[in-house]
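For reference, TrEMBL has these:
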COMPBIAS  20-39  compositional bias 'Acidic residues'
DOMAIN    126-303  domain 'Amino acid permease/ SLC12A'
DOMAIN    414-685  domain 'Amino acid permease/ SLC12A'
DOMAIN    699-817  domain 'SLC12A transporter C-terminal'
DOMAIN    826-1072  domain 'SLC12A transporter C-terminal'
REGION    1-65  region 'Disordered'
TRANSMEM  126-145  transmembrane segment
TRANSMEM  157-182  transmembrane segment
TRANSMEM  202-232  transmembrane segment
TRANSMEM  253-272  transmembrane segment
TRANSMEM  278-297  transmembrane segment
TRANSMEM  417-437  transmembrane segment
TRANSMEM  457-483  transmembrane segment
TRANSMEM  495-521  transmembrane segment
TRANSMEM  603-628  transmembrane segment
Amino acid sequence: MPTNFTVVPVKDNTRKADESNEEEDVDDNNVLKEEDEGTTGDGVPKENSPFINNTDNDKGNSYDGTNMALFEEEMDSNPMVSSLLNKLANYTNLTQGAQEHEEADDDEGGRLLSHPSPQMGTFMGVYLPCLQNILGVILFLRLTWIVGTAGILESLAIVGLCCSCTMLTAISMSAIATNGVVPAGGSYYMISRSLGPEFGGAVGLCFYLGTTFAGSMYILGTIEILLTYIVPKAAIFVAERKEDEVDALLNNMRVYGTCCLALMAVVVFVGVKYVNKLALVFLACVILSILAIYAGVIKTIFEPPDFPVCMLGNRTLQNHNFDKCLKTDIIDNLTVTTQLWKLFCDGTGLNATCNKYFDDNNVTMVQGIPGLTSGVISENMWSKYGPLGMLVENKLTSNGRHDPSQDIYLPYVVNDITTFFTLLVGIYFPSVTGIMAGSNRSGDLRDAQKSIPIGTILAIATTSFIYVTCVVLFGACIEGVLLRDKFGDSVKGNLVIGTLSWPSPWVIVIGSFFSCCGAGLQSLTGAPRLLQAIARDGIVPFLQVFGHGKANGEPTWALLLTAGICEIGILIASLDAVAPILSMSVSYVLACCLPLHRPRFKYYHWALSFLGMSLCLALMFISSWYYAIIAMAIAGCIYKYIEYRGAEKEWGDGIRGLSLNAARYALIRLEEAPPHTKNWRPQLLVLLNLDSDQGVKHPRLLSFTTQLKAGKGLTIVGNVIEGTYLTKEAEAKKAEQNIKSSMSAERTKGFCHVVVSSNLRDGFSHLIQSAGLGGMKHNSVLMAWPGTWKQSNDPQSWRNFIETIRETTAAHQALLVAKNVDSFPTNQDRLGEGTIDVWWVVHDGGMLMLLPFLLRQHKVWRKCKMRIFTVAQMDDNSIQMKKDLQMFLYHLRLDAEVEVVEMHDNDISAFTYEKTLMMEQRSQMLKQMQLSRTEREREAQLIHDRNTASHATINDKADTGPERVHMTWTKDKLFTERNRNRECNTNVAVRDLFNMKPNQSNVRRMHTAIKLNEVVVNKSQGAHLVLLNMPGPPRNRGGDENYMEFLEVLLEGLNRALLVRGGGREVITIYS
């Protein structure tokens, strides 16, 4: 449904007045005053251009009117619609999302140069280039042989399979091309922006390799035409025996191919403009050749051309070294032997010894091109595959029984390679991979979004029609033995397809020669630019050198690398061996099946893309399974390299859309039911503390997280900044950046979550409650022990710690508290022989068992042994407890030493009483100090309020009547009286402290902490890590400070300790 826009002009009546005032100011001062950058004359901020290609003129176009003053404060981020529409006049100025798609390349420097607007349309810009690349070397040199070998039916299957693949790919490519503006960059641009930098770089480099080897294939085709059909005498290597002919041909291809490659590379280096000018000439040759073929087919109806094929029995003879298809000839009434006789006999006489098959069979001649109405189509309908060296035979019967393998070195036409269906698919498929030729010229198109879909699909439809009709017409016009004669040996070395053309075979020979030359030049022109585009994107660091070139931007270094890789294909020398390598280029079709945003192309559906992707992958393996595996291995290595070392790019690619869909689906599945005990793993929320500069205080906490998680599961690193988000936004972003840097340095894979809250207590509460999403939420909290809680004047620090413990318990989340976390090992450390000691006092769901096992999976703790200590009371059977624990560990598949420590109910020592009394006295003193501080603050505020009220009353009543005398307290008198009362209260409080008796409940708790600490220190002081059950905080909040003292006593003397508190559920099971 079209959208109508109405542009309403708004007059600014104040502009003229402002301009006149400015002129008066200038005249009065006789100087030109420059305004401050970023503001206009009236103090209104300028509108910063949000566009990529903004110029100095753009920066000066600021908004200084008053009609839209309501929006003036947001002009920096939301420009006027008039500015937006003005920028859209040139489609290269991407506006929405341009900053994210194409960042300015500072290394290249300078502003983008203005180029003339492109003027190429669909026909010249897309349709004809695609025709030239699709109709090329395979059509002229191999299609007749494919039809003769595979038969018409299987040849139609090959053509239909390959053309269907390219059509489905073109549909996906059309959707991508109409999914947004397509600037210069063509195929690689669309691929990389659809698949993202990792996939884009990997597929782009495979596409580059395929394009480069396509150049090798075209050059080999050029040399084959030159040496086989134009100037055969130019061969440097000449075979003296028939069995050496293949090696001689390959050597000639290598020599002449290298020279041709060097010549073409020089042409491309000197000037690409000459290549572009010759492109139309080469294209004209292709079109003339196609027309000559159809004209020749029509002519065969009335007058078939005379190209006889000499047959010996049912075997096809090479017609190079004899003129007459006769064994003997009558000259002057005398019977004489012919040149053919000399090829099969050991002498020229009639009584010479000849080959037995030659003696038993007669020589006949069949018409190579019987014509369209001859009925030969029925004979060419079925396939005739065969091994290497198989003789090319027809349906005629031969006399006698003979072994064909003994005659392959005689002048027969034989198979030069073993033929089968998949081989022919691999040879034919590269002929249809030229569909990207039009999209590669996207920078030269007037309307790329319109031209690329229409031109590409029409070109595929046209070429598909040509290939299908050629398959049928070749099978209907040409004799089967001639179709299977790959090099035209049976027709005196003529190009087989040339024998069908009209008016002369040379039309096809010359046309195919220039067609292959043009395609080779186009490949050597396009491949370096593709590599240069990849290098300039910066996604593959080691390729950046190939992004540079000559002063005019020509990719010199990329051309050298392309020529070097192309030479590898030349050295292979066989056109049939190089063609399957081009299956690598088909990997670009993985761009299909992606969630596009708003494509203008109406006929796109994900099912078509999925079908195209499946078909292309199948064709890769059908063409050449080993080349396909190599291509996928190369792509996989490049993908991992870019992921590990490449530059981070955000192009809004479809892979992120797929990841989002997959993540959403997985989150919904996770929330359907709680995880089973077998699947339970600690998903951590790490609470970090930052210093005044927003730096991480305890980076070893992140190291410990990495060692515990090993990059698996969920890790959320959280922090709370005190204040409001409006005032602390910059600090929050800085803190988040610092935390991410520390996570990267410590190799902690996870997410960062910084919360700004009015107080730390609420902030930590928000993190514990809301961190994560759906089923992907944390189930454990990791934090550092507040080591300076005793020295701190602010009790809020340890109160926040205790409240965090209470909240994790209420949320049924496990809690891990690391003491002396700065002494924990880094990721580079390797702990030697030692132990991880677990003190299992109370059952917490199995957390104490699971954590050491997970730690030992990391290389830092791998050499450590696990020891488990449990505490036995007086009534417990220690021996039986040990046996039961060993059996339990056996069922848990845990390897650990077991020891039962007996703790008897000894009398409470005087030291315990003294320790408890000192703890309670300290707590009482701190409460009094806090109360005194609060009272002083309240008194100062009260005096301030009274003085303010007194001054106000005096000012109000100064003029209303006679002065009245007020008996008031002076400030000094008030302080003196207050201090006297405070001294009395302090003396009473001090006497109460010395007369205190410890609380019996606290004494029992202190006794437990001291005795358990003695046992732990005695057994585990040398352990690398000690894990203990963490006792819960008291239900009465009045004993919170005593709780901190109990924990301090419990951990005293331990270097590395981890307090563990379970989440209220079983986390480990003995069942499978």
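Just so it is clear, glycine is given a Cβ too, placed from its N, Cα and C backbone atoms.
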Same-chain residues at least 6 beyond the ends of the transmembrane segment (253-272) with a Cβ under 8 Å from one of its Cβ atoms are 215-216, 219-220, 222-224, 226-227, 234, 236-237, 517, 520-521, 524-525, 528, 554, 556, 559, 563, 566-567, 570-571, 573-574
Most Cβ pairs under 8 Å with the transmembrane segment (202-232), selected from 157-182, 278-297, 417-437, 495-521
495-521
Using a Cβ cut-off of under 8 Å, list the residues of the same chain at least 6 residues beyond the transmembrane segment (495-521) that approach it.
132-133, 135-137, 139-141, 143-145, 214-215, 218-219, 221-222, 225-226, 228-230, 260, 264, 267-268, 275, 278-279, 281-283, 285-286, 288-289, 292-293, 295-300, 305, 307, 368-369, 474, 477-478, 482-483, 485-486, 488
Relative to the transmembrane segment (157-182), the stretch among 126-145, 278-297, 417-437, 457-483, 603-628 with the most Cβ pairs under 8 Å is 603-628
Positions whose Cβ lies under 8 angstroms from the transmembrane segment (126-145), at least six residues beyond its ends
217-218, 221, 224-225, 279, 282-283, 286-287, 289-290, 427-428, 430-432, 434-435, 437-441, 445, 451-452, 454-456, 458-460, 462-463, 466-467, 470-471, 474, 478, 482-486, 495-497, 508, 511-512, 515-516, 518-519, 522, 575-576, 579
In the domain 'SLC12A transporter C-terminal' (699-817), how many residues does DSSP put in helix, strand and coil?
58 helix, 26 strand, 35 coil
Can you tell me the mean pLDDT for the domain 'Amino acid permease/ SLC12A' (414-685)?
82
